[in-house]
Protein chains: 2
Amino acid sequence: MSSSIQKVAIDLGDRSYDILIGRGLIGASEHFQRLGFKGHALIVTNETVAPLYAQALRQTLEAVHRRVDMVVLPDGEAFKQWDTLNLIFNALLERACDRKTVLYALGGGVVGDMTGFAAASYMRGVDYVQVPTTLLAQVDSSVGGKTAINHPMGKNMIGAFYQPRLVVADLATLDTLPQRELSAGLAEVIKYGPIADAAFLDWVEAHVDALMQRDESALAYAVKRSCELKAQVVGKDERESGLRAILNFGHTFGHAIEAGMGYGAWLHGEAVGTGMLMATDLSMRLGLVDASLARRIEQVVARAGLPLKGPDLPAARYLDLMRVDKKAEAGEIRFVLLDGAGRAVMKSAPDALVAEVIESRTAR
Amino acid sequence: MSSSIQKVAIDLGDRSYDILIGRGLIGASEHFQRLGFKGHALIVTNETVAPLYAQALRQTLEAVHRRVDMVVLPDGEAFKQWDTLNLIFNALLERACDRKTVLYALGGGVVGDMTGFAAASYMRGVDYVQVPTTLLAQVDSSVGGKTAINHPMGKNMIGAFYQPRLVVADLATLDTLPQRELSAGLAEVIKYGPIADAAFLDWVEAHVDALMQRDESALAYAVKRSCELKAQVVGKDERESGLRAILNFGHTFGHAIEAGMGYGAWLHGEAVGTGMLMATDLSMRLGLVDASLARRIEQVVARAGLPLKGPDLPAARYLDLMRVDKKAEAGEIRFVLLDGAGRAVMKSAPDALVAEVIESRTAR
Ligand SMILES: NC(=O)c1ccc[n+]([C@@H]2O[C@H](COP(=O)([O-])OP(=O)(O)OC[C@H]3O[C@@H](n4cnc5c(N)ncnc54)[C@H](O)[C@@H]3O)[C@@H](O)[C@H]2O)c1
Ligand SMILES: NC(=O)c1ccc[n+]([C@@H]2O[C@H](COP(=O)([O-])OP(=O)(O)OC[C@H]3O[C@@H](n4cnc5c(N)ncnc54)[C@H](O)[C@@H]3O)[C@@H](O)[C@H]2O)c1
Ligand SMILES: [Zn+2]
Ligand SMILES: [Zn+2]
């Protein structure tokens, strides 16, 4: 049982749900029980996470559902595509799962995004629960209802806005997370301060070393505050017509890094970390932030063990990749930039200026 | 230009839209113009429909969108699956289409269902317009926001509830429709009377010959009234939690026929036609309707040129196929049955009784 459980309530009308944060939650059936599910459960997980946590979750869910099945996907961003998604559909159809079936996403953002999209699409929509096991998934991808798979021509191009019924972030799962993945998750934690809450940037600055050492109370607060900040934004703009786009701070550059290197070479969070520095540089060159804020962000990113420079691709390649990215409308790239600490703005910028930023921020 | 245009308003809050019905609508840009679209247009159609109507639609849309592209899919229910859907995504991504892109589904229910699901999923949702060119699509599939593709293990298993922005039913397109397809569409027209409007069953009885001869004013009324009746039901239950299921009258049996014969051997409407007779027989055996109503429905189905008997598969096979169908919850098949003329009820029935119905309604 977890000694202290934090709760963040996501208020989206009839699609509202809770995020629970605490140690040992996977072993506690009462939180799942409360939802009153009547159908089968299908745990969706991957080859890495299954041996670590699937048995515990299955046992818990057996007290909730009259039948619990499992499908184990191959591990990796490269598998976040149709063929893997179809393994979930196959599993559902082989077991004649009906519309009352509940999918449980046990894993990182890849498993979460695919499970969410499978839930959105199976019979035009069944319930799902997120059980995120990476820091990135706990602070970001499991919250907000964005689901997707990749297409060879672009990341997250095919998906749905589809909210989970519950998010259960068990801090104990972070014990087994490789350090590189922890750093990648910290990139998304760091993101929230500059765009939405200057005080949280201060807190992260003061606690980044504790977070790197997996201090539990620091992690608990980082997850909770990140979810709160994300929830604030998503609550105002569920379908990303405007405001929500600020959560993509660092992501336009980041997606170009990921796509340019082939998905999986860089971790999503690593690309976002470097992407935030590029976006901050661009903000500075546009006169929106001063050098001291840029330096602070760079130092936090560095202490979180994240790369400070992007891969050595020509600036023109970055620009092409960003133009195909979904934030580009009618060929014009809209960047999420900073306007001081704790405030984001959407802006386009001259290609030449963007190219300068990229050139000074790539490893050559 | 069309002399008389009928309009059916579908009231679904911020997802409301109009259905326009009339001759020559594909050639009239003002109806599309009114939506104020700002992005590119992608016409999705198939090899059969493209040579007939794509040029006219393209010309019309060129007055509305600054760029109009087209993707031509192979024709047939067998292609209503992922690989074909992906041709739409490829077309969108090759042209760097953004979130403001509008998809136009020009064709029958297959093109409509796939285009709708592509629109629901591309970048997590772009706008789409239905331009249905079969009777079935005009009276049924283009209305109500159900979109889907098939899975080898089940029909329409993967999809979304996603409303179009407009439906434009050009009656002139029905001129080129093969007679067999016209009959298949009439099955869905016939459906609405027994489940929702006894007076409409009377009207269809009186006009089925005129409809078979493509009398334009009869077709216009049939399309309009069918859309109104469907809209009434969908308006009360957009996501098929209950009432909406009555629209599946004949479909549980029908899907078993389609799946049992391999998709495409029987037309959807043909299977629904026979399926309605099976469901009516079952209603009669359960004492819900009398023989005279059953006879009336059978005669209308016969005069619409639809098969009166299902394919010669064992009753046990029908039952298995119906159990995997999405209307089966926890292994129990829920049938849409009639409770007098103009009233539907959801009910299960003993397997033995269902088997008797099937045996007396299969060609051997
Ligand atoms: N939906 C959203 O809003 C959103 C937001 C951000 C990112 N994302 C997506 O999330 C994905 C990245 O998520 P991620 O960083 O969690 O990657 P991931 O899911 O690939 O997980 C990273 C690695 O850690 C392993 N792992 C997971 N939990 C573990 C544990 N407890 N112990 C040991 N190993 C564990 C995984 O198997 C994997 O190898 C990307 O596809 C990205 O597009 C989505
Ligand atoms: N979404 C829904 O609510 C819903 C409801 C009912 C049916 N459906 C789906 O609709 C599909 C059946 O639709 P359908 O009956 O329109 O089949 P279809 O789309 O296959 O069209 C039938 C045939 O007619 C051709 N055609 C289309 N328009 C023509 C025209 N004007 N002239 C000549 N030929 C033309 C097509 O190319 C095709 O060969 C099924 O996949 C079914 O699952 C969906
Ligand atoms: Zn991210
Ligand atoms: Zn139908």
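Note that Cβ sites are derived from N, Cα and C of the backbone, with glycine treated the same way.
Under the heading NAD(+) binding site, TrEMBL lists A:75-80, A:109-113, A:133-134, A:LYS146, A:LYS155, A:173-176. Taken from TrEMBL, the feature Zn(2+) binding site applies to A:GLU188, A:HIS251, A:HIS268. If you look up TrEMBL, you'll see A:71-183 marked as domain '3-dehydroquinate synthase N-terminal'. Annotation comment: TrEMBL describes A:185-328 as domain '3-dehydroquinate synthase C-terminal'.
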Compute the mean position of the Cβ atoms of A:GLU188, A:HIS251, A:HIS268, which form the recorded Zn(2+) site, and then list in sequence order the other residues of that chain whose Cβ is within 8 Å of it.
A:LEU136, A:ASP140, A:ALA187, A:LYS191, A:GLY250, A:GLY254, A:GLY269, A:ALA271, A:VAL272, A:GLY275
Going by DSSP assignments with H, G and I as helix and E and B as strand, what are the residue counts for the domain '3-dehydroquinate synthase N-terminal' (A:71-183)?
47 helix, 35 strand, 31 coil
Determine, using Cα-Cα distances only, which of these binding-site residues is closest to A:GLU188 (Zn(2+) binding site): A:GLY109, A:GLY112, A:THR173, A:THR176.
A:GLY109
For each of the binding-site residues (A:GLY109, A:GLY112), count the other CB atoms lying within 10 A of its CB, then report the residue with the highest count.
A:GLY112
In sequence order, those binding-site residues of A:ALA78, A:GLY109, A:THR173, A:THR176 whose CB lies under 6 Å from ligand 1:
A:GLY109, A:THR173, A:THR176
Around A:ALA78 (NAD(+) binding site), how many other C-beta atoms are within 10 angstroms of its C-beta?
14
At the Cα level, what's the spacing in Å between A:HIS251 (Zn(2+) binding site) and A:THR173 (NAD(+) binding site), rounded?
26
Within 10 Å of the Cβ of A:THR134 (NAD(+) binding site), how many other Cβ atoms can you find? Include all protein chains, please.
27
For the domain '3-dehydroquinate synthase C-terminal' (A:185-328), what are the DSSP-based totals of helix, strand and coil residues?
105 helix, 1 strand, 38 coil
